[in-house]
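Quick look at what TrEMBL annotates:
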type	residues	note
ACT_SITE	163	active site, proton acceptor
BINDING	19, 42, 99, 117, 142, 143, 163	S-adenosyl-L-methionine binding site
SITE	4	site 'Interaction with substrate rRNA'
Ligand code: SAM
């Protein structure tokens, strides 16, 4: 079953958090001259029109990227991310860059990316978006499998973004299994896992599963726009980062109070940055 389409959600508060963290990790990887590998297991299409029927139907970006677009007081870390979205727009907010486009736009010639996506309608759009870029490969393959088949990378440094739709509850277990496989092959890699908070007990399954792996250095970053609820709907989202760059914890503690207040002007939001397992 592949019914999830990211075009309904592009640029929402969860994308803002995810793509801010992604931008900051890539920025740190670029501090060394040596090339790195970027693996995006669940890529989506790359570029989203915010005037599409899907985006207009939900209007989710209005409470996400649109709230940052015109701000003059962005902390420098947030400004870096917003700048990446501005690069694909001419003045007015019309398009949103999904994780593969955001990442590929930040790669240098010595870096390399592998982008996978399974959806029969989304994959051709992804392939077309990156067809002419030399150091980028797209594949219509199962993203979870790539942690076995594409790791370790020859560059011996890199970032794996795992961003499943969680429309199937088994995704919560598959994420942990994929991490075990990836970590066996590439223990020094950075792994960033996105998760939604729809029902808190599902999120706890990932956390418990990761704790049981015995892997160290796992940081959890979360932004809630509303308190937890057992009604339908996403109240929060987070990023779990294994082997985070040393700056990331402080960067997120610095910007999350700002981000939370701008994304939830009605003051219903909150944030956390904590270690699931420290070093
Ligand atoms: N990472 C994208 C971004 O940040 O812009 C959004 C990805 S969206 C949350 C999840 C995507 O995973 C969907 O496009 C869906 O079609 C795709 N998908 C679902 N199961 C998959 C699988 N097993 N392997 C690869 N892609 C999958």
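A Cβ is built for glycine as well, from the same backbone N, Cα and C atoms used for every other residue.
For the S-adenosyl-L-methionine site, whose annotated binding residues are 19, 42, 99, 117, 142, 143, 163, the maximal Cα to Cα separation is 22 Å. Inclusion criterion for the recorded positions 4, 19, 42, 99, 143: a C-alpha placed within 10 angstroms of the C-alpha of the residue listed as 'active site, proton acceptor'; this criterion is met by 42, 99, 143. Neighbour counts were taken as the number of other C-beta atoms within 10 angstroms of each residue's C-beta; across the binding-site residues 19, 42, the minimum falls on 42. In the shown protein chains, 15 other C-beta atoms lie within 10 A of the C-beta of residue 142 (S-adenosyl-L-methionine binding site). Of the recorded positions 4, 117, 143, 163, 117 has the largest number of other Cβ atoms within 10 Å of its own Cβ. DSSP assigns residue 99 (S-adenosyl-L-methionine binding site) to a helix in the three-state reduction. For residue 99 (S-adenosyl-L-methionine binding site), the same-chain residues lying six or more positions away in sequence with a CB closer than 8 A to its CB are 18, 19, 22, 40, 43, 44, 161, 163.
A distance of 12 Å separates the Cα atom of residue 117 (S-adenosyl-L-methionine binding site) from that of residue 4 (site 'Interaction with substrate rRNA').
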